[in-house]
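Read through the structure below, which is laid out as C-alpha coordinates, and then see the notes.
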Amino acid sequence: MESISNKQREIYQRRGYHEDLLPKEADKKTWKGINYFTLWMGSVHNVPNYVAVGGFFILGLSTLSIMAAIILSAFIITFVMVMNGAAGSKYGIPFAMILRASYGVRGALFPGILRGCVAAIMWFGLQCYAGSLAFLILIGKLWPQFLTLGGDFNLLGIGLPGLIAFLIFWAVNVAIGLGGGSILNKFTAILNPCIYVVFGGMAIWAISIAGLDNIIAYVPANAITTNNGGFMFLVVINAVVAVWAAPAVSASDFTQNASSFRQQAWGQTLGLVVGYLLFAVASVCILAGASIHYGVDTWNVLDIVQKWDSIFASVFAVLVILMTTISTNATGNIIPAGYQIAAIAPKKLTYKNGVVIASIISLIICPWKLMENQESIYLFLDVIGGILGPVIGVMMAHYFIVMRSEIDLDTLYIEPGNYKYYDNGFNSVAFIVTLFAVLLSLGGKFIEILEPLSRVSWFVGVISAFCLYALLKSRTVVNRQEYT
(Lines of atoms letter the chains of each structure in order from A; the text may use other names.)
(Lines give C-alpha, C1' and ligand atoms only; values in the text may rest on other atoms or scores of the structure.)
Protein backbone atom coordinates (compact mmCIF):
# COMPACT_ATOMS: atom_id res chain seq x y z
CA MET A 1 0.00 0.00 0.00
CA GLU A 2 1.41 3.34 -1.10
CA SER A 3 0.81 6.60 0.76
CA ILE A 4 1.59 10.13 -0.33
CA SER A 5 2.82 13.01 1.76
CA ASN A 6 0.62 15.87 2.89
CA LYS A 7 2.76 18.13 0.71
CA GLN A 8 1.87 16.08 -2.40
CA ARG A 9 -1.83 16.23 -1.55
CA GLU A 10 -1.63 19.99 -1.10
CA ILE A 11 0.05 20.34 -4.50
CA TYR A 12 -2.70 18.28 -6.13
CA GLN A 13 -5.36 20.35 -4.37
CA ARG A 14 -3.81 23.58 -5.61
CA ARG A 15 -3.97 22.14 -9.13
CA GLY A 16 -7.75 22.05 -8.75
CA TYR A 17 -8.49 18.45 -7.71
CA HIS A 18 -11.29 18.07 -5.20
CA GLU A 19 -10.93 15.94 -2.07
CA ASP A 20 -13.12 13.20 -3.59
CA LEU A 21 -10.56 12.58 -6.37
CA LEU A 22 -7.37 12.86 -4.31
CA PRO A 23 -5.45 9.80 -3.11
CA LYS A 24 -6.92 8.57 0.17
CA GLU A 25 -4.84 9.25 3.27
CA ALA A 26 -3.78 6.18 5.24
CA ASP A 27 -6.22 6.87 8.08
CA LYS A 28 -9.10 7.08 5.57
CA LYS A 29 -8.37 3.65 4.07
CA THR A 30 -10.33 1.74 6.66
CA TRP A 31 -12.23 -0.96 4.77
CA LYS A 32 -11.40 -4.49 5.89
CA GLY A 33 -12.15 -7.82 4.29
CA ILE A 34 -15.53 -8.05 6.01
CA ASN A 35 -16.64 -4.79 4.33
CA TYR A 36 -15.94 -6.29 0.90
CA PHE A 37 -17.51 -9.60 1.92
CA THR A 38 -20.86 -7.85 2.43
CA LEU A 39 -20.49 -5.36 -0.44
CA TRP A 40 -21.48 -7.42 -3.48
CA MET A 41 -24.15 -9.79 -2.11
CA GLY A 42 -27.03 -7.58 -3.25
CA SER A 43 -25.49 -7.32 -6.71
CA VAL A 44 -25.60 -11.11 -7.03
CA HIS A 45 -29.16 -11.66 -5.81
CA ASN A 46 -31.35 -9.34 -7.84
CA VAL A 47 -34.32 -9.75 -10.17
CA PRO A 48 -32.48 -9.39 -13.53
CA ASN A 49 -29.98 -12.09 -12.54
CA TYR A 50 -32.77 -14.54 -11.72
CA VAL A 51 -34.49 -13.76 -15.02
CA ALA A 52 -31.18 -14.47 -16.77
CA VAL A 53 -31.02 -17.94 -15.20
CA GLY A 54 -34.44 -18.64 -16.71
CA GLY A 55 -32.88 -17.89 -20.09
CA PHE A 56 -30.10 -20.40 -19.37
CA PHE A 57 -32.69 -23.17 -19.03
CA ILE A 58 -33.93 -22.37 -22.55
CA LEU A 59 -30.42 -23.06 -23.91
CA GLY A 60 -30.97 -26.74 -23.18
CA LEU A 61 -28.43 -27.10 -20.36
CA SER A 62 -29.15 -29.31 -17.36
CA THR A 63 -29.72 -27.80 -13.93
CA LEU A 64 -26.37 -29.14 -12.72
CA SER A 65 -24.57 -27.67 -15.74
CA ILE A 66 -26.16 -24.27 -15.07
CA MET A 67 -25.08 -24.44 -11.42
CA ALA A 68 -21.53 -25.36 -12.42
CA ALA A 69 -21.35 -22.53 -14.98
CA ILE A 70 -22.54 -19.97 -12.41
CA ILE A 71 -20.03 -21.14 -9.80
CA LEU A 72 -17.16 -21.10 -12.32
CA SER A 73 -18.24 -17.60 -13.34
CA ALA A 74 -17.87 -16.48 -9.73
CA PHE A 75 -14.15 -17.29 -9.75
CA ILE A 76 -13.61 -15.41 -13.02
CA ILE A 77 -15.52 -12.38 -11.73
CA THR A 78 -13.56 -12.47 -8.49
CA PHE A 79 -10.22 -12.56 -10.29
CA VAL A 80 -11.07 -9.55 -12.46
CA MET A 81 -12.59 -7.53 -9.61
CA VAL A 82 -9.61 -8.12 -7.33
CA MET A 83 -6.90 -7.55 -9.93
CA ASN A 84 -8.49 -4.52 -11.60
CA GLY A 85 -8.99 -3.08 -8.13
CA ALA A 86 -5.32 -3.57 -7.20
CA ALA A 87 -4.23 -0.07 -8.22
CA GLY A 88 -7.10 1.43 -6.24
CA SER A 89 -6.15 -0.38 -3.04
CA LYS A 90 -2.45 0.44 -3.50
CA TYR A 91 -2.76 4.16 -4.23
CA GLY A 92 -6.18 4.98 -2.78
CA ILE A 93 -7.47 6.60 -5.97
CA PRO A 94 -10.78 6.18 -7.83
CA PHE A 95 -11.39 4.68 -11.26
CA ALA A 96 -11.68 8.09 -12.96
CA MET A 97 -8.05 8.84 -12.07
CA ILE A 98 -6.65 5.34 -12.70
CA LEU A 99 -8.16 5.42 -16.19
CA ARG A 100 -5.85 8.36 -16.96
CA ALA A 101 -2.82 6.09 -16.55
CA SER A 102 -3.80 3.81 -19.43
CA TYR A 103 -5.76 6.14 -21.76
CA GLY A 104 -4.17 9.51 -21.02
CA VAL A 105 -5.55 12.49 -19.12
CA ARG A 106 -7.79 13.60 -21.99
CA GLY A 107 -8.26 10.17 -23.52
CA ALA A 108 -9.72 8.83 -20.27
CA LEU A 109 -12.81 10.99 -20.70
CA PHE A 110 -14.40 8.82 -23.41
CA PRO A 111 -14.34 5.39 -21.71
CA GLY A 112 -14.92 7.09 -18.36
CA ILE A 113 -18.04 8.91 -19.52
CA LEU A 114 -19.28 5.80 -21.34
CA ARG A 115 -19.04 3.73 -18.18
CA GLY A 116 -19.61 6.29 -15.44
CA CYS A 117 -22.20 8.46 -17.15
CA VAL A 118 -24.00 6.89 -20.11
CA ALA A 119 -24.23 3.26 -18.95
CA ALA A 120 -24.44 4.02 -15.22
CA ILE A 121 -27.10 6.73 -15.47
CA MET A 122 -29.28 4.80 -17.90
CA TRP A 123 -29.05 1.61 -15.86
CA PHE A 124 -29.63 3.57 -12.63
CA GLY A 125 -32.91 4.87 -14.00
CA LEU A 126 -33.96 1.45 -15.29
CA GLN A 127 -33.15 -0.24 -11.97
CA CYS A 128 -35.08 2.45 -10.09
CA TYR A 129 -38.11 1.81 -12.29
CA ALA A 130 -37.79 -1.98 -12.04
CA GLY A 131 -37.50 -1.66 -8.26
CA SER A 132 -40.52 0.64 -8.13
CA LEU A 133 -42.62 -2.11 -9.74
CA ALA A 134 -41.72 -4.38 -6.82
CA PHE A 135 -42.45 -1.49 -4.44
CA LEU A 136 -45.86 -1.10 -6.08
CA ILE A 137 -46.55 -4.79 -5.44
CA LEU A 138 -45.61 -4.28 -1.79
CA ILE A 139 -47.90 -1.27 -1.37
CA GLY A 140 -50.71 -3.10 -3.18
CA LYS A 141 -50.44 -6.02 -0.72
CA LEU A 142 -50.75 -3.67 2.26
CA TRP A 143 -53.02 -0.98 0.78
CA PRO A 144 -55.00 -2.25 -2.24
CA GLN A 145 -56.82 1.08 -2.72
CA PHE A 146 -53.51 2.78 -3.49
CA LEU A 147 -53.43 1.08 -6.88
CA THR A 148 -56.51 3.05 -8.00
CA LEU A 149 -55.28 6.51 -6.97
CA GLY A 150 -55.44 9.22 -9.62
CA GLY A 151 -57.96 7.50 -11.83
CA ASP A 152 -56.97 8.12 -15.45
CA PHE A 153 -53.98 10.32 -14.56
CA ASN A 154 -51.08 9.65 -16.91
CA LEU A 155 -47.69 11.34 -17.16
CA LEU A 156 -45.75 10.25 -20.24
CA GLY A 157 -47.08 6.73 -19.94
CA ILE A 158 -47.04 6.21 -16.16
CA GLY A 159 -50.05 6.37 -13.81
CA LEU A 160 -50.13 8.17 -10.46
CA PRO A 161 -49.55 5.08 -8.24
CA GLY A 162 -46.59 4.05 -10.41
CA LEU A 163 -45.18 7.58 -10.43
CA ILE A 164 -45.40 7.89 -6.63
CA ALA A 165 -43.77 4.47 -6.15
CA PHE A 166 -41.02 5.37 -8.62
CA LEU A 167 -40.24 8.75 -7.03
CA ILE A 168 -40.10 7.30 -3.51
CA PHE A 169 -37.84 4.44 -4.58
CA TRP A 170 -35.70 6.81 -6.68
CA ALA A 171 -35.27 9.12 -3.67
CA VAL A 172 -34.11 6.24 -1.46
CA ASN A 173 -31.53 5.23 -4.08
CA VAL A 174 -30.29 8.82 -4.35
CA ALA A 175 -29.95 9.06 -0.56
CA ILE A 176 -27.82 5.89 -0.45
CA GLY A 177 -25.70 7.28 -3.29
CA LEU A 178 -25.15 10.59 -1.48
CA GLY A 179 -24.08 8.68 1.62
CA GLY A 180 -21.33 6.96 -0.38
CA GLY A 181 -19.38 3.93 0.75
CA SER A 182 -19.90 4.43 4.50
CA ILE A 183 -23.70 4.35 4.25
CA LEU A 184 -23.55 1.50 1.73
CA ASN A 185 -21.47 -0.58 4.15
CA LYS A 186 -24.06 -0.20 6.92
CA PHE A 187 -26.85 -0.94 4.46
CA THR A 188 -25.25 -4.13 3.12
CA ALA A 189 -24.47 -5.33 6.66
CA ILE A 190 -28.23 -5.37 7.31
CA LEU A 191 -29.07 -6.76 3.88
CA ASN A 192 -26.76 -9.79 3.86
CA PRO A 193 -28.42 -11.94 6.53
CA CYS A 194 -31.82 -11.09 5.04
CA ILE A 195 -30.65 -12.41 1.65
CA TYR A 196 -29.64 -15.73 3.21
CA VAL A 197 -33.01 -15.99 4.96
CA VAL A 198 -35.17 -15.09 1.95
CA PHE A 199 -33.39 -16.81 -0.94
CA GLY A 200 -32.21 -19.73 1.19
CA GLY A 201 -35.76 -20.12 2.48
CA MET A 202 -37.21 -19.90 -1.03
CA ALA A 203 -34.83 -22.64 -2.20
CA ILE A 204 -35.90 -24.90 0.68
CA TRP A 205 -39.56 -24.14 -0.12
CA ALA A 206 -39.02 -25.01 -3.80
CA ILE A 207 -37.29 -28.30 -2.98
CA SER A 208 -40.06 -29.25 -0.54
CA ILE A 209 -42.89 -28.65 -3.03
CA ALA A 210 -41.22 -30.02 -6.18
CA GLY A 211 -38.66 -32.54 -4.95
CA LEU A 212 -34.91 -32.34 -5.47
CA ASP A 213 -34.84 -35.12 -8.07
CA ASN A 214 -37.51 -33.38 -10.15
CA ILE A 215 -35.64 -30.09 -9.97
CA ILE A 216 -32.39 -31.71 -11.12
CA ALA A 217 -34.19 -33.41 -14.01
CA TYR A 218 -36.19 -30.31 -14.98
CA VAL A 219 -36.09 -29.18 -18.63
CA PRO A 220 -38.50 -26.49 -19.93
CA ALA A 221 -40.83 -27.53 -22.74
CA ASN A 222 -39.43 -24.86 -25.06
CA ALA A 223 -35.75 -25.62 -24.37
CA ILE A 224 -33.65 -25.85 -27.51
CA THR A 225 -31.81 -29.04 -28.45
CA THR A 226 -28.11 -28.62 -29.10
CA ASN A 227 -25.17 -30.85 -29.92
CA ASN A 228 -22.74 -28.18 -28.77
CA GLY A 229 -23.28 -28.23 -25.02
CA GLY A 230 -19.70 -27.19 -24.30
CA PHE A 231 -20.06 -23.94 -26.23
CA MET A 232 -23.43 -23.23 -24.60
CA PHE A 233 -21.77 -23.77 -21.23
CA LEU A 234 -19.25 -21.07 -22.18
CA VAL A 235 -22.07 -18.79 -23.39
CA VAL A 236 -23.69 -19.03 -19.94
CA ILE A 237 -20.41 -18.16 -18.22
CA ASN A 238 -19.96 -15.21 -20.57
CA ALA A 239 -23.50 -13.98 -19.80
CA VAL A 240 -22.93 -14.11 -16.03
CA VAL A 241 -19.51 -12.48 -16.20
CA ALA A 242 -20.59 -9.78 -18.69
CA VAL A 243 -23.07 -8.41 -16.13
CA TRP A 244 -20.01 -7.38 -14.13
CA ALA A 245 -18.27 -5.57 -17.01
CA ALA A 246 -19.16 -2.13 -15.64
CA PRO A 247 -18.46 -2.80 -11.92
CA ALA A 248 -15.19 -4.55 -12.84
CA VAL A 249 -13.99 -1.55 -14.86
CA SER A 250 -14.60 0.80 -11.93
CA ALA A 251 -13.60 -1.61 -9.13
CA SER A 252 -11.17 0.99 -7.77
CA ASP A 253 -14.08 3.23 -6.75
CA PHE A 254 -14.45 0.79 -3.86
CA THR A 255 -10.97 -0.70 -3.44
CA GLN A 256 -9.57 2.82 -2.92
CA ASN A 257 -10.97 2.53 0.61
CA ALA A 258 -9.15 -0.76 1.36
CA SER A 259 -6.64 -0.86 4.19
CA SER A 260 -4.54 -3.20 2.02
CA PHE A 261 -4.64 -5.27 -1.16
CA ARG A 262 -4.90 -8.42 0.92
CA GLN A 263 -8.02 -7.19 2.71
CA GLN A 264 -9.91 -6.33 -0.47
CA ALA A 265 -8.68 -9.53 -2.13
CA TRP A 266 -9.93 -11.99 0.48
CA GLY A 267 -13.05 -9.95 1.17
CA GLN A 268 -14.15 -9.80 -2.46
CA THR A 269 -13.17 -13.42 -3.05
CA LEU A 270 -15.24 -14.78 -0.18
CA GLY A 271 -18.11 -12.37 -0.81
CA LEU A 272 -18.47 -13.17 -4.50
CA VAL A 273 -17.79 -16.91 -4.29
CA VAL A 274 -20.10 -17.49 -1.31
CA GLY A 275 -22.72 -15.21 -2.84
CA TYR A 276 -22.67 -17.06 -6.14
CA LEU A 277 -22.66 -20.48 -4.46
CA LEU A 278 -25.95 -19.54 -2.80
CA PHE A 279 -27.20 -17.96 -6.03
CA ALA A 280 -26.33 -21.03 -8.12
CA VAL A 281 -28.31 -23.33 -5.85
CA ALA A 282 -31.13 -20.93 -4.99
CA SER A 283 -31.81 -19.62 -8.50
CA VAL A 284 -32.01 -23.05 -10.11
CA CYS A 285 -34.08 -24.57 -7.30
CA ILE A 286 -36.48 -21.62 -7.00
CA LEU A 287 -37.15 -21.20 -10.72
CA ALA A 288 -37.32 -24.90 -11.57
CA GLY A 289 -39.27 -25.76 -8.41
CA ALA A 290 -41.83 -22.99 -8.93
CA SER A 291 -42.23 -23.89 -12.62
CA ILE A 292 -42.91 -27.51 -11.70
CA HIS A 293 -45.28 -26.58 -8.86
CA TYR A 294 -47.34 -24.00 -10.77
CA GLY A 295 -47.25 -25.90 -14.06
CA VAL A 296 -45.94 -22.93 -16.06
CA ASP A 297 -42.39 -21.73 -16.68
CA THR A 298 -41.75 -18.90 -14.21
CA TRP A 299 -38.52 -16.89 -14.51
CA ASN A 300 -39.30 -13.84 -12.35
CA VAL A 301 -39.02 -14.20 -8.56
CA LEU A 302 -41.55 -11.38 -8.14
CA ASP A 303 -44.16 -13.46 -9.99
CA ILE A 304 -43.45 -16.32 -7.60
CA VAL A 305 -43.69 -14.17 -4.47
CA GLN A 306 -47.00 -12.67 -5.66
CA LYS A 307 -48.56 -16.15 -5.70
CA TRP A 308 -47.81 -16.87 -2.04
CA ASP A 309 -50.74 -17.02 0.39
CA SER A 310 -48.76 -15.62 3.32
CA ILE A 311 -48.86 -11.80 3.34
CA PHE A 312 -45.96 -11.65 5.82
CA ALA A 313 -43.71 -13.89 3.70
CA SER A 314 -44.57 -11.97 0.53
CA VAL A 315 -43.95 -8.56 2.11
CA PHE A 316 -40.65 -9.62 3.68
CA ALA A 317 -39.41 -11.19 0.43
CA VAL A 318 -40.35 -8.11 -1.63
CA LEU A 319 -38.61 -5.85 0.92
CA VAL A 320 -35.40 -7.85 0.59
CA ILE A 321 -35.67 -7.82 -3.22
CA LEU A 322 -36.06 -4.03 -3.04
CA MET A 323 -32.97 -3.81 -0.85
CA THR A 324 -30.93 -5.91 -3.28
CA THR A 325 -31.97 -3.56 -6.09
CA ILE A 326 -30.83 -0.55 -4.06
CA SER A 327 -27.50 -2.25 -3.28
CA THR A 328 -26.95 -3.11 -6.95
CA ASN A 329 -27.85 0.41 -8.02
CA ALA A 330 -25.45 2.00 -5.56
CA THR A 331 -22.42 -0.20 -6.23
CA GLY A 332 -22.83 -0.53 -9.98
CA ASN A 333 -24.35 2.78 -11.02
CA ILE A 334 -24.81 5.87 -8.89
CA ILE A 335 -21.48 5.80 -6.99
CA PRO A 336 -19.35 5.32 -10.17
CA ALA A 337 -21.44 8.00 -11.91
CA GLY A 338 -20.83 10.43 -9.06
CA TYR A 339 -17.05 10.00 -9.23
CA GLN A 340 -16.91 10.19 -13.02
CA ILE A 341 -18.98 13.37 -13.27
CA ALA A 342 -16.79 14.95 -10.59
CA ALA A 343 -13.69 14.02 -12.64
CA ILE A 344 -15.02 15.87 -15.69
CA ALA A 345 -14.70 19.20 -13.87
CA PRO A 346 -12.62 18.51 -10.73
CA LYS A 347 -12.38 22.20 -9.79
CA LYS A 348 -16.13 22.78 -9.82
CA LEU A 349 -17.81 19.47 -9.03
CA THR A 350 -17.72 17.17 -6.00
CA TYR A 351 -18.78 13.54 -5.74
CA LYS A 352 -22.15 14.57 -4.26
CA ASN A 353 -22.67 17.08 -7.08
CA GLY A 354 -22.08 14.21 -9.50
CA VAL A 355 -24.65 12.01 -7.73
CA VAL A 356 -27.28 14.76 -7.88
CA ILE A 357 -26.60 15.47 -11.58
CA ALA A 358 -26.72 11.77 -12.48
CA SER A 359 -29.95 11.30 -10.50
CA ILE A 360 -31.69 14.21 -12.21
CA ILE A 361 -30.67 12.95 -15.66
CA SER A 362 -32.01 9.50 -14.76
CA LEU A 363 -35.40 11.15 -14.17
CA ILE A 364 -35.31 13.16 -17.39
CA ILE A 365 -34.77 10.06 -19.56
CA CYS A 366 -38.13 8.63 -18.33
CA PRO A 367 -36.92 5.04 -17.74
CA TRP A 368 -40.48 3.68 -17.83
CA LYS A 369 -40.61 4.70 -21.49
CA LEU A 370 -37.30 2.95 -22.19
CA MET A 371 -38.66 -0.24 -20.61
CA GLU A 372 -41.39 -0.36 -23.26
CA ASN A 373 -38.82 -1.73 -25.72
CA GLN A 374 -36.70 -4.23 -23.82
CA GLU A 375 -34.87 -5.43 -26.93
CA SER A 376 -33.31 -2.00 -27.45
CA ILE A 377 -32.28 -1.90 -23.78
CA TYR A 378 -30.47 -5.22 -23.94
CA LEU A 379 -28.86 -4.28 -27.26
CA PHE A 380 -27.59 -1.05 -25.69
CA LEU A 381 -26.25 -2.86 -22.62
CA ASP A 382 -24.70 -5.56 -24.80
CA VAL A 383 -22.83 -2.91 -26.78
CA ILE A 384 -21.71 -1.15 -23.60
CA GLY A 385 -20.47 -4.48 -22.24
CA GLY A 386 -18.70 -5.20 -25.51
CA ILE A 387 -16.84 -1.89 -25.19
CA LEU A 388 -16.05 -2.12 -21.47
CA GLY A 389 -14.56 -5.62 -21.76
CA PRO A 390 -11.66 -4.32 -23.90
CA VAL A 391 -11.24 -1.38 -21.51
CA ILE A 392 -10.70 -3.87 -18.67
CA GLY A 393 -8.11 -5.70 -20.79
CA VAL A 394 -6.23 -2.48 -21.58
CA MET A 395 -6.29 -1.29 -17.95
CA MET A 396 -4.96 -4.57 -16.57
CA ALA A 397 -2.29 -4.96 -19.25
CA HIS A 398 -1.11 -1.39 -18.71
CA TYR A 399 -0.91 -1.67 -14.93
CA PHE A 400 0.54 -5.16 -14.55
CA ILE A 401 2.57 -5.69 -17.74
CA VAL A 402 3.61 -2.23 -18.94
CA MET A 403 3.91 -0.33 -15.67
CA ARG A 404 4.71 -3.36 -13.50
CA SER A 405 2.23 -2.28 -10.82
CA GLU A 406 3.75 1.19 -10.44
CA ILE A 407 1.98 4.50 -11.15
CA ASP A 408 3.57 7.94 -10.97
CA LEU A 409 0.72 9.97 -9.49
CA ASP A 410 2.21 13.21 -10.79
CA THR A 411 1.31 12.07 -14.31
CA LEU A 412 -2.35 11.74 -13.28
CA TYR A 413 -2.80 14.86 -11.15
CA ILE A 414 -1.39 17.30 -13.68
CA GLU A 415 -1.88 21.05 -13.98
CA PRO A 416 -4.98 21.94 -16.06
CA GLY A 417 -3.99 22.21 -19.72
CA ASN A 418 -0.69 20.37 -19.20
CA TYR A 419 -0.79 17.34 -21.52
CA LYS A 420 2.88 16.47 -21.79
CA TYR A 421 2.28 12.77 -21.17
CA TYR A 422 1.31 10.63 -24.14
CA ASP A 423 0.36 12.42 -27.37
CA ASN A 424 -1.34 15.58 -26.12
CA GLY A 425 -3.07 13.61 -23.37
CA PHE A 426 -4.22 10.69 -25.56
CA ASN A 427 -2.76 7.18 -25.51
CA SER A 428 -3.33 6.26 -29.16
CA VAL A 429 -2.21 2.65 -28.65
CA ALA A 430 -4.92 2.14 -26.00
CA PHE A 431 -7.59 3.51 -28.33
CA ILE A 432 -6.44 1.45 -31.33
CA VAL A 433 -6.37 -1.74 -29.27
CA THR A 434 -9.76 -0.99 -27.71
CA LEU A 435 -11.32 -0.36 -31.12
CA PHE A 436 -9.87 -3.58 -32.55
CA ALA A 437 -11.08 -5.64 -29.57
CA VAL A 438 -14.55 -4.05 -29.73
CA LEU A 439 -14.87 -4.87 -33.43
CA LEU A 440 -13.72 -8.42 -32.74
CA SER A 441 -16.13 -8.97 -29.85
CA LEU A 442 -19.19 -7.25 -31.36
CA GLY A 443 -18.49 -7.85 -35.05
CA GLY A 444 -20.63 -10.97 -35.09
CA LYS A 445 -23.72 -8.79 -34.93
CA PHE A 446 -22.89 -7.60 -38.43
CA ILE A 447 -20.51 -10.24 -39.87
CA GLU A 448 -21.86 -13.79 -39.83
CA ILE A 449 -18.48 -15.52 -39.61
CA LEU A 450 -17.76 -13.68 -36.33
CA GLU A 451 -21.12 -14.58 -34.76
CA PRO A 452 -19.69 -17.23 -32.39
CA LEU A 453 -17.23 -14.65 -31.02
CA SER A 454 -20.09 -12.27 -30.24
CA ARG A 455 -21.73 -14.92 -28.08
CA VAL A 456 -18.66 -14.92 -25.85
CA SER A 457 -17.95 -11.22 -26.40
CA TRP A 458 -16.70 -10.45 -22.90
CA PHE A 459 -13.95 -13.07 -23.05
CA VAL A 460 -12.98 -12.05 -26.58
CA GLY A 461 -12.83 -8.37 -25.67
CA VAL A 462 -10.84 -8.71 -22.45
CA ILE A 463 -8.36 -11.33 -23.65
CA SER A 464 -7.68 -9.81 -27.09
CA ALA A 465 -7.25 -6.29 -25.64
CA PHE A 466 -4.98 -7.52 -22.84
CA CYS A 467 -2.68 -9.52 -25.13
CA LEU A 468 -2.51 -6.97 -27.96
CA TYR A 469 -1.94 -3.99 -25.68
CA ALA A 470 0.75 -5.79 -23.70
CA LEU A 471 2.49 -6.76 -26.95
CA LEU A 472 2.36 -3.31 -28.56
CA LYS A 473 2.83 -1.05 -25.56
CA SER A 474 5.59 -2.95 -23.82
CA ARG A 475 7.71 -2.40 -26.94
CA THR A 476 7.05 1.35 -27.08
CA VAL A 477 7.37 2.32 -23.41
CA VAL A 478 10.92 3.46 -22.77
CA ASN A 479 10.55 5.61 -19.67
CA ARG A 480 7.85 4.13 -17.45
CA GLN A 481 7.76 7.17 -15.23
CA GLU A 482 6.66 9.37 -18.13
CA TYR A 483 4.40 6.83 -19.88
CA THR A 484 5.99 7.71 -23.22
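Residue numbers in this text run from 1 along the chain shown.
Glycine is treated like the rest: Cβ placed from N, Cα and C.
Per TrEMBL, transmembrane segment is recorded for 50-79, 91-109, 121-143, 155-178, 190-210, 230-249, 270-291, 311-332, 353-371, 377-401, 421-443, 455-472.
Of the two recorded stretches, the transmembrane segment (421-443) lies close to the transmembrane segment (91-109), with three or more CB pairs under 8 Å once pairs fewer than 6 apart in sequence are set aside. The stretches the transmembrane segment (121-143) and the transmembrane segment (311-332) are in mutual contact, each linked to the other by at least three Cβ pairs under 8 Å (pairs 6 or more apart in sequence).
Ranking 91-109, 155-178, 190-210, 230-249, 311-332 by CB pairs under 8 A with the transmembrane segment (50-79) puts 230-249 at the top. Segment contact is absent for the transmembrane segment (155-178) and the transmembrane segment (230-249), given fewer than three CB pairs below 8 angstroms at sequence separation of 6 or more.
Note: the stretches the transmembrane segment (455-472) and the transmembrane segment (190-210) are not in contact (fewer than 3 CB pairs below 8 A, sequence gap of 6 or more). Counting Cβ pairs closer than 8 Å to the transmembrane segment (311-332), the top stretch among 91-109, 190-210, 270-291 is 190-210.
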